[in-house]
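Annotated features, as they stand in Swiss-Prot:
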type: BINDING; residues: Asp36; note: [4Fe-4S] cluster binding site
type: ACT_SITE; residues: Asp292; note: active site, proton donor
type: BINDING; residues: Gly428, Leu429; note: substrate binding site
type: REGION; residues: 446-483; note: region 'Disordered'
Amino acid sequence: MRLAFWLYEGTALHGISRITNSMKGVHTVYHAPQGDDYITATYSMLERTPDFPGLSISVVRGRDLAQGVSRLPGTLQQVAHHYSPDLTVIAPSCSTALLQEDLHQLAAHSGVPEEKLLVYALNPFRVSENEAADGLFFELVKRFAVAQEKTPRPSVNLLGFTSLGFHLRANLTSLRRMLQTLGVSVNVVAPWGAGIEDLRKLPAAWLNIAPYREIGETAAGYLGETFGMPAIHEAPIGVEPTLAWLRSVIEKINAVGVEQGVPPIGMPKLNAFSLDGMSAPSGVPWFARTADMESFSNKRAFVFGDATHTVSIVKFLRDELGMKIIGAGTYMHRHADFVRRELEGYLSGELLVTDKFQDVSKVIEDEMPDLVCGTQMERHSCRKLDVPCMVICPPTHIENHLLGYYPFFGFDGADVIADRVYLSCKLGLEKHLIDFFGDAGLEYEDEASPSESAPHASNGHEDVAGGSTAQSVPSHAATEGDGMSWTDEAENMLKKVPFFVRKKVRKNTENFAREQGETTVTADVFRQAKESLGG
């Protein structure tokens, strides 16, 4: 029944294909019923690349099952002939798991050389997107990475960057720019853009950088245990975390440099990290102290997402913008303990750990924060509630897979996040000004009928900010919910409240009225509630 609703994480196939679709010369064969190739449409729609997804379906049909035959060997032969991949990853589906088919045996009968096949036999019922992706990347690194000499100059591997990653290309560009400024080259980016030969030379780097808790951490751990490679797992999101990240890179690179007999690197002047090479690398420190941003110290924020971005954004909002964090949560059950440790002292209550978007929506409706930082699901929920929302992590939509340069990492990323926070909270004020001062002839009608005013709502829901009626009976919006009615005079007073807090004011006023034993919200009740609630 859960599949009838939105899910924060995709299936195991989604995670597997994110890894293989990122790589060069790697193809996925999914042994599944017809129709499970829907995933190719996701990449074609969202991924801004000229290449077609490297995914084929070995169709499981009832007739074949009745005859005791399988199409998998034939499909593997066709893929080898048509695409000539360096490696074909064979992935099971829920159907093949139920049938208990032996994919290793079927693959062995295909005639394709064993070294060009990898059967990733996970349990598709228990493993979801990120765990499947992280596990497959680990298997690939374990299989192909080989010991070798270090590069003569300082170099790093960037691990965990995958197809459909959040602001993927911009984040990579930001990291490359900062590393180049330090005098550090990039040995391999994996899995994004990497081939099998690139995986072989991973141990040549001096340092692994795996900024995502969800994907890449396991592979970095293996490289550390097997080849003695140090790693950095922190994400450089925000000005202070970026400075700490740069210091960590310098420290670990210089530690390896002592062994290699290479002169140490140092921290350059900060303006060297700016886009023009002359100004401050980020405008956040001074922007946070402007009169405009000082008002944000009273704004309340709620953050929900994956482990990496939830931790980073909570710290950025409180430490660098001075906002109040009223709550945070994650849908990553596997990493909930990590999030709790990182956010100790940042949250007044318990961390919300759930993969049900309805639970998150309920918290937002109860708290009515000034800003929500979440996923595409929270954006939908907030639109219904007229709560400002910005997307900080997957699941996302097309507006988070951009051609332009909008990183979240580094000094540039801090500016992008600050801009989005500011605009998410501030945009929409013109709607309130029209509500408050009148339309000034901007194609709005003062005396619109209820049936005419409903379509004017920005989100497809009836908007109490629309035109008032001449009738004395309360409108549907006035009695929506538990039957509390409002007089026309009280409704008119409510319309003078900014739209982005109007639902919160309505809810608080009705709660006050119930406590006073009132069944109807009048103008007097509204004024009393305002005084009582400190408005």
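Cβ from N, Cα, C; glycine included.
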Chain-internal residues near Asp292 (active site, proton donor), provided their CB is under 8 angstroms and they sit 6+ positions away:
Tyr422
In chain order, residues whose C-beta lies under 8 angstroms from the C-beta of Asp36 ([4Fe-4S] cluster binding site), counting only those at least six residues away in the same chain, are Leu13, Tyr30, Ile57, Ser93
By a three-class reduction of DSSP, the residue listed as '[4Fe-4S] cluster binding site' is assigned helix
